[in-house]
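Engineer: Got a structure here, written out as structure tokens. Questions coming.
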Amino acid sequence: MKIAVFASGTGSNFTALVQAIKQGQLAATIELLVCDQPDALVLKRAEAERIPIVCLKPSDFATKTAYEEQVKEALILHEIEFIVLAGYMRLIGPTLLEPYKNRIINIHPSLLPAFPGRTSIADAFDAGVSESGITIHYIDEGIDTGPIIYQKAVPILKTDTFATFTKRMHAVEHTIYPMVLEKIFQEGASNEKKSLN
Ligand code: GRF
């Protein structure tokens, strides 16, 4: 499966996907990294792997549509089949949502619909709940609202600090994202086969 990863920050999930592909756990190739932050660490990770990068600043474009049109051109050029969001801090607009319907997947660090938004790990920790978790879901036009594909609970232990809880959350993300994507891609491939028969 030819995928583009969209990311804005550190890129630890990006690296987890790269590793899973190398280890034969995820039958995909990352054809492209799309990044909206010129100083993001994820860019260095992609460079080290010699993965092509499209890094555009949305503020350089007159409209969100114009920005996404340019991203779309790159996706078409690289024959991208699935878009995998990994810490991409931007809402996806109709320019990309329509052509990639049911082909844009996100990972979010909470058990949605609880704790949507950008600070969900801290929000769950501060709320004093006994567990939070990870959600993998399709993207729609809302903030963390698309159809849920998979969820995994992560307990918040009495002995946890914010740092230890965060570390455990990320470790779970890095294990389940490649695993769930592999399942989705396999199903996609077998559905395509069925429709050819
Ligand atoms: C992850 O916690 C992911 O769930 C959220 O953004 C974070 C990205 O982390 N959407 P990284 O850049 O992959 O390290």
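Even glycines carry a Cβ here, placed using N, Cα and C.
So TrEMBL lists the following for this protein:
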| type | residues | note |
| --- | --- | --- |
| ACT_SITE | His108 | active site, proton donor |
| BINDING | Gly11, Ser12, Asn13 | N(1)-(5-phospho-beta-D-ribosyl)glycinamide binding site |
| BINDING | Lys64, Met89, Arg90, Leu91, Ile92, Asn106 | (6R)-10-formyltetrahydrofolate binding site |
| DOMAIN | 1-181 | domain 'Formyl transferase N-terminal' |
| SITE | Asp144 | site 'Raises pKa of active site His' |
Engineer: Quick one: pull the CA-CA distance for Lys64 ((6R)-10-formyltetrahydrofolate binding site) versus Asp144 (site 'Raises pKa of active site His'), whole Å only.
Structural biologist: 19
Engineer: Please list, in sequence order, the residues in the chain of Asp144 (site 'Raises pKa of active site His') that are at least six apart in sequence and whose C-beta is under 8 Å away from its C-beta.
Structural biologist: Asn106, His108, Leu112, Pro113, Pro116, Gly117, Thr135, His137
Engineer: Please report the Cα separation of Asn13 (N(1)-(5-phospho-beta-D-ribosyl)glycinamide binding site) and Ile92 ((6R)-10-formyltetrahydrofolate binding site) in Å, rounded to an integer.
Structural biologist: 19
Engineer: For Asn13 (N(1)-(5-phospho-beta-D-ribosyl)glycinamide binding site), list the number of other Cβ atoms lying within 10 Å of its Cβ atom.
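Structural biologist: There are 22 of them.
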Engineer: For the recorded N(1)-(5-phospho-beta-D-ribosyl)glycinamide site, enumerate neighbouring residues of the same chain (Cβ within 8 Å of the Cβ centroid of Gly11, Ser12, Asn13, site residues themselves excluded), in sequence order.
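Structural biologist: Everything else in range on the chain: Ala7, Gly9, Thr10, Phe14, Thr15, Ala16, Val42, Arg45, Ala86, Gly87, His174.
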Engineer: Measuring Cα to Cα, tell me the gap between Gly11 (N(1)-(5-phospho-beta-D-ribosyl)glycinamide binding site) and Met89 ((6R)-10-formyltetrahydrofolate binding site) in whole angstrom.
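Structural biologist: For Gly11 (N(1)-(5-phospho-beta-D-ribosyl)glycinamide binding site) versus Met89 ((6R)-10-formyltetrahydrofolate binding site), the Cα atoms are 12 Å apart.
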Engineer: How would DSSP class Asn13 (N(1)-(5-phospho-beta-D-ribosyl)glycinamide binding site) in three states?
Structural biologist: helix
Engineer: Would you kindly give the Cα-Cα distance separating Ser12 (N(1)-(5-phospho-beta-D-ribosyl)glycinamide binding site) and Met89 ((6R)-10-formyltetrahydrofolate binding site), rounded to the nearest Å?
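Structural biologist: Between the Cα atoms of Met89 ((6R)-10-formyltetrahydrofolate binding site) and Ser12 (N(1)-(5-phospho-beta-D-ribosyl)glycinamide binding site), the distance comes to 15 Å.
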Engineer: With Cβ-Cβ distance below 8 Å and at least 6 positions apart along the chain, what are the contacts of Leu91 ((6R)-10-formyltetrahydrofolate binding site)? List them in sequence order.
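Structural biologist: Result: Glu141, Ile143.
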Engineer: Rounded to a whole number, how many Å is the Cα of Ser12 (N(1)-(5-phospho-beta-D-ribosyl)glycinamide binding site) away from the Cα of Arg90 ((6R)-10-formyltetrahydrofolate binding site)?
Structural biologist: 18
Engineer: Highest Cβ count within 10 Å among the binding-site residues Ser12, Asn106: which residue is it?
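Structural biologist: When each Cβ's neighbours within 10 Å are tallied, Asn106 leads.
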Engineer: Looking only at Cβ atoms, how many others are within 10 Å of the one on Arg90 ((6R)-10-formyltetrahydrofolate binding site)?
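Structural biologist: So the number of other Cβ atoms within 10 Å of Arg90 ((6R)-10-formyltetrahydrofolate binding site) is 14.
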